[in-house]
Amino acid sequence: MKLVNIWLLLLVVLLCGKKHLGDRLGKKAFEKAPCPSCSHLTLKVEFSSTVVEYEYIVAFNGYFTAKARNSFISSALKSSEVDNWRIIPRNNPSSDYPSDFEVIQIKEKQKAGLLTLEDHPNIKRVTPQRKVFRSLKFAESDPIVPCNETRWSQKWQSSRPLKRASLSLGSGFWHATGRHSSRRLLRAIPRQVAQTLQADVLWQMGYTGANVRVAVFDTGLSEKHPHFKNVKERTNWTNERTLDDGLGHGTFVAGVIASMRECQGFAPDAELHIFRVFTNNQVSYTSWFLDAFNYAILKKIDVLNLSIGGPDFMDHPFVDKVWELTANNVIMVSAIGNDGPLYGTLNNPADQMDVIGVGGIDFEDNIARFSSRGMTTWELPGGYGRVKPDIVTYGAGVRGSGVKGGCRALSGTSVASPVVAGAVTLLVSTVQKRELVNPASVKQALIASARRLPGVNMFEQGHGKLDLLRAYQILSSYKPQASLSPSYIDLTECPYMWPYCSQPIYYGGMPTIVNVTILNGMGVTGRIVDKPEWRPYLPQNGDNIEVAFSYSSVLWPWSGYLAISISVTKKAASWEGIAQGHIMITVASPAETELKNGAEHTSTVKLPIKVKIIPTPPRSKRVLWDQYHNLRYPPGYFPRDNLRMKNDPLDWNGDHVHTNFRDMYQHLRSMGYFVEVLGAPFTCFDATQYGTLLMVDSEEEYFPEEIAKLRRDVDNGLSLVVFSDWYNTSVMRKVKFYDENTRQWWMPDTGGANVPALNELLSVWNMGFSDGLYEGEFALANHDMYYASGCSIARFPEDGVVITQTFKDQGLEVLKQETAVVDNVPILGLYQIPAEGGGRIVLYGDSNCLDDSHRQKDCFWLLDALLQYTSYGVTPPSLSHSGNRQRPPSGAGLAPPERMEGNHLHRYSKVLEAHLGDPKPRPLPACPHLSWAKPQPLNETAPSNLWKHQKLLSIDLDKVVLPNFRSNRPQVRPLSPGESGAWDIPGGIMPGRYNQEVGQTIPVFAFLGAMVALAFFVVQISKAKSRPKRRRPRAKRPQLAQQAHPARTPSV
């Protein structure tokens, strides 16, 4: 009987302990297991950067020894009579190698020494040194669930306040997936991300990341961490004398990539190169990154994970060095940012063409709320942004290594980035011909294999969700070639092709610009042969559209752009229908072995185009958005429009109708308006085509020719709607940045809007805004409204309509911390030009109610009412009968706001030029002129389905078969190119792919069932042996055995 009890006890222990057996390995340092509520943490990552006073990065045209660099700088500064300068020593592993930059400290006020340095023939550029701050804070995903465990209770503090400033991965994860209903499901089932993406299939084939060098740029790693067996090198690039990770973020990232136990990474046998680039106080410098990047090139790193980023895509030393890294065959993977769900919030370097930018999803395949959205804003105002992120993967509730062992779960795109980096490392180890692996070929494989998520547009998901096995199939038979991203243009496909699909095109409209990225897997450099060719399909009315091209003269590194402008021909002005055609481009790259005959590799790519054309809408329904006069960070300090939002000090989202004014655009489209974007001066549009010019949050100055033309346009029937923002020089001085460490001031270049410039534009109609700054809630026409840091109307014609409200004086609050209420603040004015056929003008003092960035209450209804007024001359009854109508202010006795003395707007303005004294306008630039491509018509039928799952041209998936291996997992069947399977269905299941959770659950249930059956068998036998013998027929004993084993035939 004792033996039976021991057996039962062992079974119970076995059954209860099996689940946690793996999790206990390597946890001897901890006495207590983590409590359940500690298993999922939200990681708040916030960045800020400042310019270090008197310190500059001197970039050279090549790599030189320290002695040569010193000689160049000394000779350059001799003639400038600057004596107070020195080269700042950099003690790190790259000090013994030649470098392409130097950090100097030069104290001068006139900048003569800097100008002299830039004139030296061996010096490429001189830029300020930047100090980067990162703040990490780990918080519970669900604050309702208590946690008594002390292991993860530490709150990480930065040397600076927790806020997002100039360089940022986001505003933190206050809006992370922990607030989603689906997020709570993840608590019960901790996910192993590597197995979820089926990395174990490749492991069992013998691929584990061996012989692949992967670099982790983060907070370091402890020397004897139990999760890692192949840490090749740890280097420190900070001013602290330690290589260990004092925070845990670097350990987590490394674990997702290469942990070998517990929370397994993707490539446990990869060579880990740990670059410690952040101190325990989360401080770093641009020069630390540059030195570390140079060392990564020297070490021939294959894959580099960079879970940092920020909006400053004009930080030239950093951007240039990233280009150099990828040109040296380093595959860089970077987080796209944590500023979602707002659009136009992509972070650098993930927004670069040569970098794999990664967004985040949860385990239910929903786009994570925190994941930043496209488009890129580099190209504004004259162009249009590119598609980013490239792909998305799991970034919510991902498990990774703890700082001393064990596992924890974190969320963020800084978590999704190492998921892709680990997957790429594993993929690279599967490629037999390593010479075919480069940043372009890997990116081509990832985006061509990605599984598209249903109901999500391309600026949220890029090309779709990472599919590891499909990417393996593509890479295993890859041949060097060029490809396009996106691979087709279908302006009728919603929602994936939003915003293009949201509005048809028509004759007379601004050309629709599609920015396509060219990926060149044939070589680091390339070119487009001849010119792209436009081939319209005549049966599909392709001759009703015309296209123009702008493209990179050189494709470097590994990539370039192809901007396509699409317009409607005059003959289709009254036509409605679908038009199709395609573009052919040929890309050439030099052969790897340069032959005397100059042989090149070439690849020809076809880009299908499909558009919907409608008759030109009436003038009253056409709204023109002024993009040309919107400025943003980078490069200048343009402050936020709502001064209450102290954690977001910069206006950096592009102020475009497809970024932070997306909701307003969607509303206007739903109301039947057609919105076009003007990326050129006012002299470059035909005002007779449009009913209303919409100017919102304008920071730019105006050319004199623009002012004169706009006056003529309004007199001839164009209407003008202006949404302004605050402008007060005293407040601007108050909101400037001061960094205690660097003693550096950041002074705003303008206010929320450039009110002095707007007043010059409006002065011809006796209108203008004041420098008052007001805030408050109010009701207008039975609508609740909020005035967020707006200005008031200072002057308005007497025969106009003016609406007033009672507000708090926010300017007084900011300057003196005093509270005052001001009555009859004029905020809205409506005016009809008295001349026959004249237009109408509307002024409103606040744009925050239209802006998605920090909008509290929208005013879309008001915009509707104002457009009804400007388009049809109908004054809304809700405004004409308002009890808040007052006599228009005359502006008597009020001095108009003046530009702040000493501002640097001319540095970033397209209108002003640098000049001593008052700034002067530049010469008026010529209007953009498009050269339409000569069509080469095709008398053939266009393909019916432009998007099949993206295929690289040289790959025949019929021949791609996963090798056999011993496994209970079903064989993954390759999909043939012509097969109509789930690959062509958004959100479909892979052919031959089974449900991962079910696959992992079946062996557990089988084991439990076997144990229960065994226990039952032992108990029954024990009872039978210990029971007193009774007289009964021997024939019944087999029946007892049959009851115990109904599936067996008992033996007598």
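Along the chain as shown, the residues are counted starting at 1.
Just so it is clear, glycine is given a Cβ too, placed from its N, Cα and C backbone atoms.
The annotation signal peptide is assigned in Swiss-Prot to 1-17 on the grounds of sequence analysis.
What Swiss-Prot records for ASN148 (among others) is N-linked glycosylation site.
As annotated by Swiss-Prot, topological domain 'Lumenal' applies to 187-999, with the evidence given as sequence analysis. Mean model confidence for the topological domain 'Lumenal' (187-999) is a pLDDT of 89.
Applying an 8 A CB threshold to same-chain residues 6+ apart, the list for ASP218 (active site, charge relay system) reads ASP245, HIS249, GLY250, VAL253, ALA254, ILE274, PHE275, ARG276, VAL277, PHE278, SER307. Marked as active site, charge relay system by Swiss-Prot on the basis of sequence analysis: ASP218 (among others).
Residues or ranges marked as N-linked glycosylation site by Swiss-Prot on the basis of sequence analysis: ASN236 (among others). All protein chains shown were included, and the count of other CB atoms within 10 Å of the CB of ASN236 (N-linked glycosylation site) stands at 21.
The active site, charge relay system feature in Swiss-Prot is assigned to HIS249 (among others). When secondary structure is read from DSSP and collapsed to three states, HIS249 (active site, charge relay system) falls in the helix class.
Around ASN305 (N-linked glycosylation site), taking its Cβ as the centre, 31 other Cβ atoms fall within 10 Å, counting all chains. Feature annotation from Swiss-Prot assigns N-linked glycosylation site to ASN305 (among others).
Cβ-based neighbour count (10 Å, all protein chains) for SER414 (active site, charge relay system) stands at 31. Annotation source Swiss-Prot lists active site, charge relay system at SER414 (among others).
Secondary structure at ASN515 (N-linked glycosylation site), as computed by DSSP, is strand. The Cβ neighbour count for ASN515 (N-linked glycosylation site), using a 10 Å radius over every protein chain in view, is 20. The feature N-linked glycosylation site is assigned by Swiss-Prot to ASN515 (among others).
The feature N-linked glycosylation site is assigned by Swiss-Prot to ASN728 (among others), with sequence analysis given as support. For the recorded site, ASN728 (N-linked glycosylation site), the DSSP three-state label reads coil. Taking Cβ-Cβ distances under 8 Å and a sequence separation of 6 or more, the neighbours of ASN728 (N-linked glycosylation site) in its chain are GLY751, ASP771, GLY772, LEU773, GLY811, PRO897.
Feature annotation from Swiss-Prot assigns region 'Disordered' to 877-900 (among others).
Within the same chain, residues at least six positions away from ASN939 (N-linked glycosylation site) with a Cβ under 8 Å of its Cβ are LEU538, PRO539. For ASN939 (among others), the entry in Swiss-Prot reads N-linked glycosylation site.
Summarising the annotation, Swiss-Prot assigns transmembrane segment to 1000-1022 and lists sequence analysis as the type of evidence.
Annotation source Swiss-Prot lists topological domain 'Cytoplasmic' at 1023-1052.
Annotation source Swiss-Prot lists region 'Disordered' at 1026-1052 (among others).
SER414 (active site, charge relay system) has ASN305 as its nearest neighbour among the glycosylation sites ASN236, ASN305, ASN515, going by CA to CA distance. Here the CA atom of ASN515 (N-linked glycosylation site) lies 26 Å from the CA atom of ASN305 (N-linked glycosylation site).
Within 10 Å of the C-beta atom of HIS249 (active site, charge relay system) sit 27 other C-beta atoms, taking all shown protein chains into account. DSSP classifies ASN939 (N-linked glycosylation site) as coil under the three-state reduction. A straight line from the CA of ASN515 (N-linked glycosylation site) to the CA of ASN236 (N-linked glycosylation site) spans 40 Å. The DSSP secondary structure for ASN236 (N-linked glycosylation site) is strand.
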